[in-house]
C-alpha cells in the first residue's frame, strides 16, 4: 500500500528498481548475461503482478528499462498498467556481460568452463571474464553511472528502472558498502532507493516481493540466481 513508500520529496529522486520477470533460462539456471531472452509465461504473470502493485502506488514520472527484452517486456507491462505512454530503453541498464559463460547451465560451469568460472568466482574485483565479460569493477562503474544520471535528471520525482540481478547487486553494494552479501534477488522484486545530492544514495526498500505472494506463488528457484 501507499504507506510503504514515501511520496517524492523535492530534495531527492525516488528510484524504484525492479528486476525483470522470469525467463525459461532462469527456470533452468542457464546463464543469460547480455544474451537476449524473452519472458516465459510465469515471467509475464509476475510482470502483471508488479505492474498492478505499482499502479496503486504514488505516481510514476518515467519508466526506464534495459534494452534486453526480458526487462523491456516487463517494463512495457508496467507502463501499460500505469498509463505511461513509453519506456525509455537504456543500454547501460543491461545485465553484466559474462563472456564465455553466457548460454551455459550455471551448476555445470566449473566443469564446462573452468577458466571463465574461476574468473567469475574470483575475489579480485578487477578480474574480467574471458570472452568479453565485465569485471565487477566495470559493472559497478556502469551501474552507478547510469543511476546517477537518472537520479540527477529526476530530482523530486518517482522513477521506475527495470533491470537485472547483478546490476541490482551493484546498487546494493553502492548504497550499503559494508553490508555484505545482498541475498537472493527474485524476479520482479522491488528495491527502492532515494538519491539526493552527488553522494547520498539511500536504500529504503530491499527485495520486496509481496505482490508475488499475493498473486500466488510464481517464484521459482532458478529465478533467484545472479547474472540473469
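Don't overthink the numbers, they just go from 1 along the chain as shown.
Note: Cβ is positioned from N, Cα and C throughout, glycine not excepted.
TrEMBL does not curate its annotations; it predicts them automatically.
Over in TrEMBL, the protein carries these features:
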ACT_SITE  20  active site, tele-phosphohistidine intermediate
ACT_SITE  95  active site, proton donor/acceptor
BINDING   19, 20, 21, 22, 23, 24, 25, 26, 70  substrate binding site
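Using a 10 Å radius centred on the Cβ of residue 23 (substrate binding site) and all shown protein chains, the other Cβ atoms total 25.
Counting every protein chain shown, 28 other Cβ atoms lie within 10 Å of the Cβ of residue 19 (substrate binding site). The separation of the residue listed as 'active site, proton donor/acceptor' from residue 21 (substrate binding site), Cα to Cα, is 14 Å.
Residue 70 (substrate binding site) is surrounded by 30 other CB atoms, counting those within 10 A of its CB over all protein chains shown.
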